[in-house]
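Visitor: Below are the features I grabbed from TrEMBL:
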type	residues	note
DOMAIN	7-175	domain 'Era-type G'
REGION	15-22	region 'G1'
REGION	41-45	region 'G2'
REGION	62-65	region 'G3'
BINDING	Asp62, Thr63, Pro64, Gly65, Phe66, Asn124, Lys125, Ile126, Asp127	GTP binding site
REGION	124-127	region 'G4'
DOMAIN	206-283	domain 'KH type-2'
Amino acid sequence: MNIKQKYCGWITIIGKSNVGKSTLLNKIIGKKISIVSRKKNTTQTHITGINTKKYYQCIYTDTPGFIFNKKNDKIEYKKNIFFNIVKNSTLIMFVIDQVSWTEKDNIIFNKIKKNGIPVIIIINKIDKISNKNILLPFIDFIKKKTQAIEIIPISAKKTKNMMLLYNIVKNYLPKNPHVYPENHITTNSQFFTISEIIREQLILFLGDELPSIVKVEIEYLKEIENNQLHIRALILVIHSRQKKIIIGHNGEKIKKISIISRYKIEKELHKKIHLLLWVKKDTSK
Ligand code: GDP
Ligand code: K
Ligand code: MG
């Protein structure tokens with residue numbers, strides 16, 4: 001008998017807002033499954049990305065950035081859910097932005113370390129560091145400060161050191177059967193994929209006029225003949241003035257958002273899409 005041993009593990013990507021967590025996940029998976037933007041709170045829920053290469057399966061979770069309570073500097077965001085995910089991880093990727101290590105990073109790092117799960121620190125955006133001489137002393141500094149097992153400088157955006165990172169991650173995967181078929185890249189549903197594409201266009205189109213807390217819900221999704229999909233999506237806003245902004249003068253803005261969203265969904269699902277977008281005040285708040 002010659003059955004090859006398989007390896008599988010859960011890797012959670014954490015760090016402050018805008019350090020490049022979602023960019024990193026998309027790069028690893030080779031496809032955009034998590035929204036990237038320069039705005040905080042872009043990632044609102046946990047996004048799973050699965051990467052299977054031969055005998056190795058990595059199941060990654062991208063998390064929203066931490067939000068700190070301004071008064072007492074404690075981590076705010078859905079603590080219980082977050083620490084549950086952390087606890088059930090095989091490995092944590094702790095991402096930071098270039099050579100910046102703040103007290104906040106220290107607080108989070110020490111909290112995570114208590115769980116006894118291996119943490120690797122990823123120094124992202126090294127393409128932005130013009131003076132490369134500062135990198136090695138910084139790595140030394142972090143090593144002393146955290147006793148981290150691995151510290152890896154990368155650029156998720158420019159695909160620098162991504163193979164190196166993968167080879168290190170592989171070493172931490174325990175012997176386990178694979179959980180997902182080889183061609184699965186996310187556990188998020190089609191509904192979720194569609195609503196995230198729309199939400200991304202909203203974030204892009206509305207610039208700073210709109211906080212990234214807008215919600216998108218798929219109200220109706222029906223497959224009809226000839227590979228066509230009818231979708232009705234609801235954009236939920238908190239204030240009436242946000243509704244006005246999204247709709248725009250003579251409905252021009254929502255029209256543009258709808259056209260591009262439809263194009264992106266078609267590209268993603270390889271189907272002809274009919275898309276209807278509605279803007280509504282969220283009455284559940
Ligand atoms: P997240 O909030 O941690 O998920 O961060 P995002 O992935 O949304 O990225 C935040 C911003 O940083 C975006 O504008 C990205 O394009 C940018 N970014 C991410 N990784 C890199 C990188 O390696 N180099 C550079 N220059 N920018 C990056
Ligand atoms: K972001
Ligand atoms: Mg993100």
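One-based numbering along the chain as shown.
Cβ coordinates come from backbone N, Cα and C, glycine included.
Values in this document were obtained by computation on a predicted structure and should not be read as measured data.
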Visitor: Write out how many residues of the region 'G4' (124-127) are helix, how many strand and how many coil, based on DSSP.
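Guide: Across the region 'G4' (124-127), the residues distribute as 2 helix, 1 strand, 1 coil.
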Visitor: Mean pLDDT across the region 'G1' (15-22), rounded to an integer, is what?
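Guide: Mean model confidence (pLDDT) across the region 'G1' (15-22) is 91.
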Visitor: Using a 10 Å cut-off, grab the number of neighbouring Cβ atoms around the Cβ of Asp127 (GTP binding site), all chains included.
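Guide: I get 14 for this one.
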Visitor: Counting each residue once, how many in the domain 'KH type-2' (206-283) are helix, strand and coil under DSSP?
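Guide: For that range the per-state counts are 32 helix, 30 strand, 16 coil.
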Visitor: Which numbers of helix, strand and coil residues does DSSP report for the region 'G1' (15-22)?
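Guide: Grouping H, G, I as helix and E, B as strand yields 2 helix, 2 strand, 4 coil.
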